[in-house]
Amino acid sequence: MFTLTNIIILVVTSIISGTLNGVVGMATLALYPAMLYVGIEPITANVTITVGLLFSDASAVLSSRKELKADVPETIKVSALVTFGSLFGSIILLYSSTESFKKVVPIIILFSGILMALPKKHSSAGKVKTWVKLVSIIALAAVGVYEGYFGAGTGVLLTAVLSRITTAPYAEYNATRNMAALCADILSVIIFIFTIPIDWLVVPIIAVGLFLGGYLGPIVVRFIPSKVMQYGISIFAIIVSLYLGYQAFF
């Protein structure tokens, strides 16, 4: 497994994945196939990536300090709900089969892509409606469950939910997403360390690339208009979901 070629594949993929993680949180979608390619078992690959993502999450939060100051209460609320849900998702993972991963991910990503493309309808004062806030609480907790369960596509799903419940620019709610991801991943890793095999030899290989990419992602976001990010991610998510769906069902 640990040939020079495989190590190079993991390093390059981890840099790309780290950048994607900082931009929209789609790191697992890029790194997961690479982990399988070099011979790592699906569930082991999943939890090993989660450990590596701690480095990407931390660097993304570090790079997003400016945006995080914009709405601290919202960041705390989102992080708490997602982390709470992640606890249950991690427990579900302990009793899941490998095959279930392949079929649920494309559906989640397709839903996220469509959700991001839909126009937002806020009140005339620019505030989010009360019923939307209530639904958002349930949605954020549900995203957390999925985060703890698998992780692939969680970033774009959380981004899609946040895009519906906030009037803030993309860079700001992306920073909130990065913080929520860090909190949820910390909890998941603590659980996984004691319950599921982690490939600790792979962790340092992917950690450096994920850290570098994670720091770069939020910087890139600052220079791209919110609408471009929103619809670009939507299109990308739909394309990825169709590709993964074809692999899973055909």
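Placement of Cβ uses the backbone N, Cα and C atoms for every residue, glycine included.
Automatic prediction, not curation, is the source of TrEMBL annotations.
Residue ranges 75-95, 138-158 are listed, and TrEMBL annotates 75-95 among them as transmembrane segment. Tertiary proximity for the transmembrane segment (7-31) is limited to same-chain residues at least six positions away from its ends with a CB under 8 Å from its CB atoms, namely 37-38, 46, 49, 52-53, 55-57, 59-60, 63, 109, 150-156, 158-159, 174, 177-178, 181, 202, 205-218, 220-221, 229, 233, 236-237, 240, 244.
With a cut-off of 8 Å on Cβ pairs spaced 6 or more residues apart, the transmembrane segment (202-224) and the transmembrane segment (43-63) reach 3 or more such pairs and are scored as touching. Within the same chain, residues 43, 46-47, 68, 137, 140-150, 158, 162, 175-177, 179-185, 187-188, 191-192, 195-196 sit at least 6 positions outside the transmembrane segment (75-95) and bring their C-beta atoms closer than 8 Å to a C-beta of that stretch.
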